[in-house]
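Visitor: Quick paste from TrEMBL:
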DOMAIN    1-383  domain 'Major facilitator superfamily (MFS) profile'
TRANSMEM  20-42  transmembrane segment
TRANSMEM  54-73  transmembrane segment
TRANSMEM  79-100  transmembrane segment
TRANSMEM  112-133  transmembrane segment
TRANSMEM  145-169  transmembrane segment
TRANSMEM  190-216  transmembrane segment
TRANSMEM  222-245  transmembrane segment
TRANSMEM  257-279  transmembrane segment
TRANSMEM  285-307  transmembrane segment
TRANSMEM  319-339  transmembrane segment
TRANSMEM  359-378  transmembrane segment
Amino acid sequence: MICYSILGPFFPNEALKKGASQTIVGLIFGCYAVSNLIGSLVMGKYIVQIGAKFMLVMGLFVSSACTIMFGLLDRVPSGATFISMCFIVRSIDALGFAAAMTSTFAMTAKIFPNNVATILGCMEAFTGLGLILGPPLGGWFYQSFGYEVPFMILGCFLLIMVPFNMYILPSVEADPSKDSFFGLLGKGKIILICYAVFTLSGGLGFLDATLSLFAMEKFKLSAGYVGLILLGLSLPYCLVSPLIGYITDKYPSTRSWFIVTGGAATAFGFFMLGPAPFFHISSQLWLLVLMLSVVGLSIGMTAIPMFPEIISYAYEQGYEEGLGTLGMVSGLFGAFWSFGMFCGPTVGGVITQHLSFEWAAAVQGGMALLGVSIRVLSRSAWSRRRKKTTLFHVHERTPLLAE
């Protein structure tokens, strides 16, 4: 996650110097998500055939090699050559990331079946730690040593993880699942959760591609200070994730409440991030940092319960309990996360270029609010339908009981 997050403080500005527009920068961030989407679906479907451990180790190797290669792109000529190489290296890197993350989620659920959210929360704490350290480290290394050093150091550290994971991770054997992604997507509850995953990742992708330029232009900040601002997003997420995981494992009925409440808080955070022009409030640095903290906290509340919630729904619908189903759920989760990571920076970059950052952030808030509204209305409809069904069965049994 450090390798992923170091780009935010300095790469957009570096890409502009190399002849890329704001829209192209958004597409460079977005292409990572497209490849991740495709990779997640394929890896999730064939995780049993490939092998979960092999998939994770090879994913780490590919991602580390691409991180090192990305550090050499400043030597590539400006213009079309530089832009093309950015797309190629980022896309291959995303396939490695998809392999590593899909197998990680599936192996977690397989090895810790009764504590999925707790373990996932602990893992996300380290994800948050990577997001916390990435921007300031990237900004500092860039200012002190130039473009290449951050990628070289972190790529080598990631490469060290390959033999370590080969030695320490257990092998997980299972039979291939006969079920399909389309069967999962045919369930209304799962579709709503997938939309929530899409809006969360879309918001994060939007911030990756646009926040640094907005902060530099609006508040005249350096890349190093932009990295510190991003702590406001990552630190609350890092701190709250293990707690949310523990609570939702101990009290599974709270998952839906956390998803709805977190979604509403995400919408509020993005509306006030700019703030949205229709509020007629001027941009302030303290308000920007505060709203980033709200978004980070709300993403922790929403994202952690989603994965075990999809697994529960899948098992309720008759999917077999095993690595095959867990791989499909992991792949589905990763695919929608990646789809959001593509649409967020791409659409956000276009809106920012033609309107403003404030309007683009408001669109992200509107999408999150739409998801919360549909989920609340759908939950109310399902509750009423369940009550009617229960009453119908009671009335059916009454004469027999009376006899």
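Every residue gets a Cβ built from N, Cα and C, even glycine.
Help me picture these features in the structure, burial and contacts included.
Guide: Residues 7, 11-12, 82-83, 86-87, 90-95, 97-99, 101-102, 181, 201, 205, 208-210, 213, 330-335, 337-350, 352-353 of the same chain lie 6 or more positions beyond the ends of the transmembrane segment (20-42) yet place their CB under 8 Å from a CB of it.
Within the chain, the transmembrane segment (54-73) has long-range Cβ neighbours (under 8 A, six or more residues past its boundaries) at 3, 43, 47, 82, 85-86, 89-90, 92-93, 95-104, 107, 147-152, 154-156, 158-159, 161-162, 165-166, 169.
Sequence-distant neighbours of the transmembrane segment (79-100) (same chain, 6+ residues past either end, Cβ-Cβ under 8 Å): 4, 15, 18-20, 24, 27-28, 31-40, 43, 55-56, 58-67, 69-70, 73, 334, 338.
For the transmembrane segment (112-133), the list of distant contacts is 1-2, 4-5, 104-105, 230-231, 233-235, 237-239, 241-246, 248-249, 255, 296, 300, 303-305, 307-308, 311, 321: same-chain residues at least six beyond its ends, Cβ to Cβ under 8 Å.
Counting residues 6+ beyond its ends, the transmembrane segment (222-245) has Cβ neighbours under 8 Å at 5, 8-10, 13, 117-122, 124-125, 127-129, 131-132, 134-140, 142-143, 207, 211-212, 215-216, 258, 285, 288-290, 292-293, 295-297, 299-301, 304-305 in the same chain.
Same-chain residues lying 6 or more positions outside the transmembrane segment (257-279) and placing a CB less than 8 Å from one of its CB atoms are 193, 196, 199-200, 203, 244, 247-248, 287-288, 291-292, 294-295, 297-306, 309, 356-359, 361-362, 364-366, 368-369, 371-372, 375-376.
Remote same-chain residues near the transmembrane segment (359-378) are listed as 188-189, 192, 195-196, 199-200, 202-203, 206, 210, 259-260, 263-264, 266-271, 273-274, 276-278, 344, 347-348, 351-352 (criterion: CB distance under 8 Å, separation of at least six residues from the stretch ends).
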Visitor: Below 8 angstroms Cβ to Cβ, which residues of this chain, lying six or more residues outside the transmembrane segment (190-216), approach it?
Guide: 5, 7-10, 12-13, 22, 25-26, 29-30, 33, 184, 222-223, 225-226, 229-230, 233, 259, 263, 266, 270, 288, 292, 295, 299, 302-303, 306, 309-310, 313-314, 332-333, 336-345, 347-349, 352, 357, 360-361, 364, 367-368, 371, 374-375, 378
